[in-house]
Amino acid sequence: MKAVYREMCPNCWGRISDERLVMRNPCEECLDEPVHADSYFQLVSAVRNALKLRGTLKEWEKIYQLENQTREIEEFFKKATGFTFWSAQRTWVKRLLKGRSFSIIAPTGMGKSTFGAFMAVWHALKGKKSYIVVPTTPLVIQTVRKIEGIMENANADVRLAYYHGNLRKKEKEEMLERIKNEDYDILVTSAQWLARNYEEVLKGRHFDFIFVDDVDAFLKASKNIDRSLYLLGFTDEIIQKAWEIIRLKKQMSRYLNGNSEDRNEKLNGLNREIEKLQREIEKFKRKNKIGIMIIASATGSARGDRIKLYRELLGFEVGSGRSALRNVVDSYLKPTKDIKEHVEELLTRLGKGGLIFVPVDQGLGYAEELANYLSEKGFKIELVSSKNKKALEKFENGEADYLIGSATYYGSLVRGIDLPHLIRYAVFTGVPKFRFSIDLERPTIYRALGLLSEIMDFLSEEDRRQAEKLHARLRRLIRNIPQFELLKIEEALAEGLPIENEFHNHVLGVFRELVEFLRRVLRDEEVLRKLAEDPFISLVKEEGKWYIEIPDVRTYIQATGRTSRLFAGGITKGLSVLIVDNEKVFNGLVRQMRWRFQEFKMVPFEELDLDEILRQIDEDREKVRLVMEGKISAKVKDLVRSALMIVESPNKARTIANFFGQPSKTRIGDLVAYEISVGDRMLTILASGGHMFDLVTNEGYHGVLIQNEGDMLKFIPVYDTLKRCRDCGHQFVDWEKKGVCPRCGSTNVRDALENVIAMREIAQEVDEILIATDPDTEGEKIAWDIRNVLAPYTPNIKRIEFHEVTRPAIMKAIQEARDVNENRVNAQIVRRIEDRWIGFELSQELQRVFESYNLSAGRVQTPVLGWIIERYKEFTESEVYFLGLTLENGLQVTIELGKDGKDVEPPEYVTVEEVQLEERELNPAPPYTTDAMLKDASTFLKLSAPETMRLAQDLFEAGLCVTPDTLVSLADGRIMEIKDAVEKSEGNLLSVNGLKPKEAKALKFWEIDWNGPLKVIKLKNGHEIKATPDHGLLVMREGKLGWVSAKNVREGDYVAFAYNTGHRGRDEYTLLKLMIKLGITDVMVELDEEYFNEKVAPIVRERISTSTKYKYLRRRVLPLYLLQEWGLDDYEAHVKSLYRQRAGSKPIPNFKLDGRFWYVFGLVLGDGTLRDSKVLISQTPLKDVKSVLEDVFPFLRVFETTNQVGFSNSIIAEVFRRLGARKGKLHPLVFGLREEYINAMIAGYFDTDGTFSILNDRKGPNFRGILTSKRGDVLRMLSVYLYQIGIMNYLRRDERTGVWDLIISNRSLEKFREKIYPYLRIRRAQFDEAYSVYRASRRAFEGDLLPVAPVFGKLKFKNGTKNRILKETGIDVWNWLKRPEGEIPRDKLSKVLEYAEESPEKEFLKSLVEAGVTWVKVKGVEEELYTGKLYDFTTTTENFLSNGAVSHNCTYHRTDSTHVSNTGIEVAKEYITQELGEKYFKPRPWGEEGAHEAIRPTRPIDTGRLMQLIRDGIIQLPRNLTRNHYRLYDMIFRRFMTSQMTPAKILYEKAVINAGVGKAELEGYVEIIEDGWTRLRSPPLRELPKLEKGMKLKVVEAKKWKAPKVSLYTQGDIIALMKERKIGRPSTYAKIVETLMRRGYVVETKGRKKLLPTEKGIKVYHYLVSKYRDLVSEERTRELEEIMDRIEEGIEDYIKVLGELYSEIQRYVSG
């Protein structure tokens, strides 16, 4: 049990544990023991029986009855139809059983008509009357047959009456008589019959169930709405009350958008009136028998006020069912011949089922011509026009295979056809377009509005403002006018006819004004010039007249939509082929399609996998046919599920629903549910309203029950629903008096319990629940609460999360549904409890001491308040005088005069004392994180943090990397810097798997630009890892093992370090092969005579024309680079000598480079000098070195000076140079050599730069093996290698001299003797002497220590084992536990484990003993700022070795990410390349890849375009955007776009101005040399005039003032500090500042928005710090944030943390 909820038991509405809820059981009061069962229904039944037996059955009976009755009805349905229910049909039944009316918007084949017919029979068998209304006579006949078939199959005796035009006269009379006498249980008629016969035949009748099939036909007579309401049982009086509510709500919307002073008063008055009327309607419904109504439609266009009567009286709104989903492959073809021939080819390749659309500019004449051409070629094709009314019918019955018609929005071929089983593809003979003469003859309203939008960017500022007003006015006026009425208005303008309707006359006036405006601006030559240059609009001149062509996007969407329809198995796939007849209009079409559909892509037709696409198209058509014939398989039925998606905010619910079309709406209590089809789901979307539960205040310790469980305390939070007073705004949890606000006494209180009841209501109806609360810990906790309280009502609940509210993101999230993350929930539980405990205790103390109930405190608030107070103190103490000078060149400088500057006189001239000018490259800033956005919004927009978060939320609803010098280990033994490994795409890495060494494949290489903080993790062995805060490391903490992000690693942790992995290098070289590897090919190779004459000479004669070939032939030599270039691969065995063509260069043989050679390399690495061709070694005794060199290079003369020994050979000198012997990097190939060669090299290094000695400490003589060098990079590589072969060591740097030491650990001395000692020559005796002294007093102790004492303490041993271990092994294990470090020798632990009993702890310890890693303690963690490249891999094992440590790859992430996904980069690419040019685009992923992404726009739409698209209705948002919304969007948009742009180059200037009385330093830029990202944002530097050293400038104006040197903080500054100091979280930054201001501890200055502490704030802070310093300190607060992160990562036990917090608080409370 993790928590207790009050009033959440599904049976008694009492308190219940989360455990019981998740088990789908009632509380312990209702049922002692939980009940288990295999299926959901079995569980519901078993619980009901158990409750009944116990006598506690209450509300559970309703759950049972709903499930049981649904099953009974489904059994009856199976008997009556032979089919089982679709998931959606099961949902509809449950709604009916609950007595709810609703609208069904479902695709073809979902069984709407069958369902209506079946439910009418079911109602009839219950003695109830039903009425089915269908659109046409054929459908009346079809429905009657359907009902008769159901009656026959079910053996049901039901009276059926119907009326249609095909009845004979006598039948009509008899049927009419039956209807008048109510001699029926079921009545079926057309909608038209209802309209004509209601008054005479049906008036005063009552139906229990009305099913309307096809809303469009029903609403042609809008009075049918009133008629249906009367038939359901409503009266004139009640319908009038509903009309009054509609009127009042319209009035409310006017006040909501207004700014009148008495606005709130008027709104409250309207609310009271509406609520009174609603209560009267509900009272009527309860007292009277009101029927149920279902309106069903695949599509619909319900408009106007009358349809709203259903909302007010029946609680639902009719949606259009119009789907915004497309499954179309959009392709284009650029014509290379006559378009007719292209169309013929396409029809031949694609087959039957094609629609051919001809653009309006080509005309109907061309369509006829094309139809005739194709008919002559043998295609069965029909032209769809007003003359050929049978064309569609012929296509449907198979007489025609293709249809051709005009590409116009209201054309029959574009809108009037819905045949998903027949239509497969669409071909466009040109781009669908609008074509206007600039004189605008016979304009239409929508085309005029479209044209106005397109040209708005080209108008003057004044004209643009007028255009925006006209556009907004006309769009607002026509919003609810049906299309046929708009046609009358358009005709009236064209013909000059009058209009009787006064409102329509007003619309006509605005339309006329708009047309005249367009005609005027289109005669402006400047506007025409700009239009001609635009890449998205076509301007053409024909017969002396100008025409504008713009894309007709609506027609393209509608026309291609014919090929892709929603049906009961998803969305059929379609294909569109567009022949491009106008490049500009085509570009415009693609751009506008991308604005509407982010996932839209237009692909060249020739690149399509046509066979695969056609296979998928035909597969879908077969499914549709099966569905239509009722033969669909159960498998497909299972694909279409009814689902409930729960989001937090109503805006988000509305936005998501609108992504998929126009949803139907249902009101459940105060909540609105949106229903829409998304192909494989009938989705109901509901908003929870955010947090619904909080800790109670009147139980346990501030809402937490504390129980003793053995040695531990258990903490159980008690939750109740949140309440909010609508009158005073007070939010609370506990009732003092039920239903009454404890603050103001109002009964107008909203309880979140109502939300829970509404959600439970819908949860019972669906097959699955998808909880889509926000993707953070708070959202996870809300999801957990929702999961818990809904679990008893449904069998399937999943969590989904999306990080941007876009259609693709939502569909992806649904596919990737998961369970609730318990670790994230645990972290949020702890965060809330800690906040409550600290807050309540400190707040009560403050209220007592200061005698004020408006005081509060929190752990995070307090240090933040302290920062503001401290800055205010600095501010008040730092006042000095300043002198502001304006110079003759316009430059303004400020001189600080100090505290005594009052009487200083300004100078007449100033002198430019220093000037530094240089070209600099400026990289853009990364995209916004939450804190950076809040800071900039505060600084530049003067917005408060809470306001910014609210604006951002409205907008949102509508690096795992290391530094370049990090060493990575490759699978072949090589060690190199990660930068080189990434750049060279080194694919095989060394990693660990199950703590054993394993080869890993690099799947992806990352190079990321970074400008931000890095964590520097310093290890006890001298290594350090510099990484982004979210980079993961394998860490051991208190015996627990796990991945920890760098920001959460702390001092005292142990990091996994590769150890004893063995060396995998196998490489051996000859001198020649090594030279080739190192790229040394400017060397002459002498070959033996036979090989040269046979293989080489013929090629020399053929390929070399210069005289040098004779030299080559005579001497039998050839440059090495030619041998390589010519591909001769068998020459090495025939090499006689190698030499360089320079004076004094002697030939040397090619020889094998064995251990002796690499030992010499080690000598040179340590103490060598490379001077041209000379190799010199400074080492004593020189004789020893000389003998080594003579041994290795017998063909060279070795010479000796007073302090050096060496030889001269340019080849070997160059080899040593390229290997990195004296400078540069040590070549990675060194560590790919055989182990004995590397060990010989290290021995050589020790023999020069090493020393072996004895250091006496308090324990006696101590052995010291040290290698000393200034080359820390080389020692780091050697250190990593030595660890891998089992030799522990540590690095140390003398900060004074910069010299590094590599010190061999005495715990690896024997391993050093085994591996390195055999190759020592010069210092062997020194080693022997020190070793013998050391071993004389110290016994050998080999191996590493494991920090596992906490785990070891949990092992179980049989009695007496301790003594047995001591006797048999000499190990006293119990002493290990006494060590503060808790470290245990690996070799001894291995022996002791043999005596332990089997347990998980034993297995864990065994895995550590056998592991290829050791554990190195973290000495400290620091942070540093870094600008530059970072690198990473994605690997098959999800880890790699960085600086020896085990590093995670590409998974860790947080909401404060700068990462940009590929989708985000594509958004930037599209905008930048189209608007600015391809040269400005430079993609950057920035931070790490993970769950979250940086704050960015979801579409390539800038602020101006966004305003236009919203104005045009193309983008529909759930709320109106304000000026501040647009300002914030613009800031986010520009920051993101610039983050993906090329660097800018500036002329940077830094100068010192001497004014005599003081100096001023200036820094800025003189000019932008290359603009780059500065096209969109200004550089973050001041613009300066160009200055020259010594220049004297006259002062033209001087001003003196006194002001503080230190600036007060803004809200943005505080948020940046919180981020920097790790106080708070992105989601709480704004709330913390808001709380401080709300409590009156801090105020904000009006103009500059600076934060000032109040007297109250200062007093409260000083009191808290004086009494509770450690409790509210910055350090403790930061530590707790890290603990929360560890809980979230599953490393820390949340109950243990709560115990520690409780103890901490109790110490202060009791004190």
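In case you wondered, yes, glycine gets a Cβ from its N, Cα and C as well.
What Swiss-Prot lists as zinc finger is 1-39 (among others). Tertiary proximity for the zinc finger (1-39) is limited to same-chain residues at least six positions away from its ends with a CB under 8 Å from its CB atoms, namely 45-47, 50-51, 54, 56-60, 63, 693, 696, 705, 716-721, 753, 756, 760, 787-789, 791-793, 795, 829.
Per Swiss-Prot, ATP binding site is recorded for GLN89, ALA106, PRO107, THR108, GLY109, MET110, GLY111, LYS112, SER113. DSSP assigns GLY111 (ATP binding site) to coil in the three-state reduction, placing it in neither a helix nor a strand.
Looking just at the domain 'Helicase ATP-binding' (93-256), the mean pLDDT is 90. The domain 'Helicase ATP-binding' annotation in Swiss-Prot covers 93-256 and is backed by sequence analysis.
Residues or ranges marked as motif 'DEAD box' by Swiss-Prot: 213-216.
Per Swiss-Prot, the feature region 'Topoisomerase I' maps to 638-1711.
Residues annotated as domain 'Toprim' in Swiss-Prot, with sequence analysis given as evidence: 642-805.
Taking a C-beta cut-off of under 8 Å and a sequence gap of six or more, GLU648 (Mg(2+) binding site) has these contacts in its own chain: ALA687, SER688, GLY689, GLY690, THR773, ASP774, GLY779, ILE782. According to Swiss-Prot, the feature Mg(2+) binding site maps to GLU648, ASP774.
The zinc finger feature in Swiss-Prot is assigned to 722-751 (among others).
Sequence annotations record features per position, and here Swiss-Prot assigns Zn(2+) 2 binding site to CYS725, CYS728, CYS741, CYS744 based on sequence analysis. Under the DSSP three-state reduction, CYS744 (Zn(2+) 2 binding site) is assigned to coil, being neither helix nor strand. Within its own chain, CYS744 (Zn(2+) 2 binding site) has CYS725, ASP727, CYS728, HIS730 as residues 6 or more apart in sequence whose C-beta sits under 8 angstroms from its own.
According to Swiss-Prot, the feature domain 'Topo IA-type catalytic' maps to 821-1709, an assignment based on sequence analysis.
Per Swiss-Prot, the feature domain 'DOD-type homing endonuclease' maps to 1160-1287.
If you look up Swiss-Prot, you'll see TYR1452 marked as active site, O-(5'-phospho-DNA)-tyrosine intermediate.
The Cβ of CYS741 (Zn(2+) 2 binding site) has LYS723, CYS725, ASP727, CYS728, HIS730, PHE732, THR747, ASN748, VAL749 as same-chain neighbours under 8 Å, each 6 or more residues away in sequence.
Sorting the domain 'DOD-type homing endonuclease' (1160-1287) by DSSP state (H, G, I as helix; E, B as strand; all else coil) yields 61 helix, 34 strand, 33 coil.
Here the Cβ of ASP774 (Mg(2+) binding site) has 22 other Cβ atoms within 10 Å, regardless of which shown protein chain they belong to.
All protein chains shown were included, and the count of other CB atoms within 10 Å of the CB of SER113 (ATP binding site) stands at 18. Under DSSP, ASP774 (Mg(2+) binding site) is assigned to coil, being neither helix nor strand in the three-state scheme.
A Cβ within 8 Å of the Cβ centre of CYS725, CYS728, CYS741, CYS744, the residues given for Zn(2+) 2, is found for these other residues of the same chain: ARG726, ASP727, GLY729, HIS730, PRO742, ARG743, GLY745, SER746, ASN748, VAL749.
Comparing Cβ neighbour counts within 10 Å across the binding-site residues CYS725, CYS728, the minimum falls on CYS728. Under the DSSP three-state reduction, CYS725 (Zn(2+) 2 binding site) is assigned to strand.
The most densely surrounded of the binding-site residues GLN89, GLY111, judged by C-beta neighbours within 10 angstroms, is GLN89. For the zinc finger (1-39), residue counts in helix, strand and coil come to 5 helix, 4 strand, 30 coil, using DSSP.
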